[in-house]
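Encoded as structure tokens, the structure appears first; notes follow it.
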Amino acid sequence: MEQVLWSVGAFIVALGLVVTFHEFGHFWVARRCGVKVLTFSIGFGKPLFRWKGKDGTQYQIAMVPLGGYVRMLDHEVDPVSNDEISGSFRAKSVGQRFAVVVAGPMANFIFSIVALWLMLMIGMPALKPVIGEITQGSIAEQAGLVQGSEITAIDNRDVQDWQDVNMALVRRIGDAETTFRIREQNGVERDVQVSLRNWNFDPDSDSTLNSLGMDVFRPAITSTIAMIAENSPASAADLRVGDKIIGIDGTQSLNWEQTRELIAAKPNSESLLLIERDGRQEQIAVTFGELEGRGYLGIGTEQEAYPDGYIFTLQHGPVQAFAGGVERTWRLMGLTLGMLKKLVTGDIGVNNLSGPVGIAQGAGAHASYGLVYFLSFLALISVSLGVLNLLPIPMLDGGHLLFYAIEWVRGKPVPERIQELSFRVGLLVLVTLLVVTLFNDIGRLIS
């Protein structure tokens, strides 16, 4: 329940921020174009708080925090005097109306740049993209990728960390192949062609790396005890933190994997552990417990340290961080457009779409990781909102922009009847999309 509340809270904050910036874009440019703004609302439904500004605009925070809107004066709908017609949105030129509408998505892109700029100035923990274990018979093995090699570029675009690698791979979903540039442990760099024809990536259960048959490099787990659970076989046997298990019943265990398998094979059995304590070897009798048919000891063990330089902080000064924010926002825009194109062409299925529930889960997870991760998530959904709103679908900003472009070419507006019919079709498309994404979200929750 606590996790659900956390996810819902993070979702409301995230959506509130990106939607508020979107609507502020419309509001700010409308005011600059001389349009009278009647209402600026964060959320829908009954207002919880509202006040009237000196500019005559009613500002409000409404009950349903799933969006927002800006209501502008329309002399064809609102009762106005002749003096007020000049402040009507419809009375403005095509260029001014176009600017007001496009300002919303542009504000989302600016918000993304600012969020990523802050993220890069604060600094994000990063891990050098060194390949760990490779699954036998996998796409990675067939391509000739080697454990211990560092990925330095994908498709001639440099990568600094695993997040860059993941973004590059997501961009390739539905493609036939991609090219990795790797630096082997001997320092030699080479390009590796990776075929993606048999890549079955399931975003609900796989990471991009695991689905290719490779893992992130992680230092080996040792057999040195770092934690002992209360009332466990280990505590009953008087094992101590710092003890190193080097043998079980005369079998010398070379690593933790072997030690764990030996323990798992002896549920509810007495054994003799050979340990190293304070530089001396000792034998300790222990009776392993049983959990789901496997033996267990009730300990946590130490992990070896990462080599120097493997963990670093991705951090820049203000100017370089701003440039990085612009570049990453541009890449997110390209990624979003690429995914939409593949969705239309059928290269990826509609089952990959996420709705409010999926976004809430993502918001909660990123918020729990810390501020820099939440900023990264905010940038992603802000760009997605901006790009989606530019699609030429009636009811969205892009649909209005399409009508204004036609009006500019024709010299007169699109007939009202055609606009109304288009808006109904657009509403049907959006409702269908919402139903599909909610169905996907519910399916993921059930599974």
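Easy rule for this one: first residue shown is 1, then count along the chain.
In case you wondered, yes, glycine gets a Cβ from its N, Cα and C as well.
Note that the coordinates shown come from a computational prediction; the quantities given were computed from them, not determined experimentally.
The following features are taken from TrEMBL:
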DOMAIN    193-278  domain 'PDZ'
TRANSMEM  6-29  transmembrane segment
TRANSMEM  98-120  transmembrane segment
TRANSMEM  371-391  transmembrane segment
TRANSMEM  421-439  transmembrane segment
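Same-chain residues lying 6 or more positions outside the transmembrane segment (98-120) and placing a CB less than 8 Å from one of its CB atoms are 17-18, 21-26, 28-30, 33, 35, 72, 89, 92, 314-316, 318, 320-322, 324-326, 328-329, 332-333, 372, 375-376, 378-380, 382-383, 385-387, 389-390, 397, 400-401, 404-405, 408. Shown for the domain 'PDZ' (193-278): DSSP residue counts in helix, strand and coil, namely 18 helix, 29 strand, 39 coil. Note on the domain 'PDZ' (193-278): mean pLDDT across this stretch is 86.
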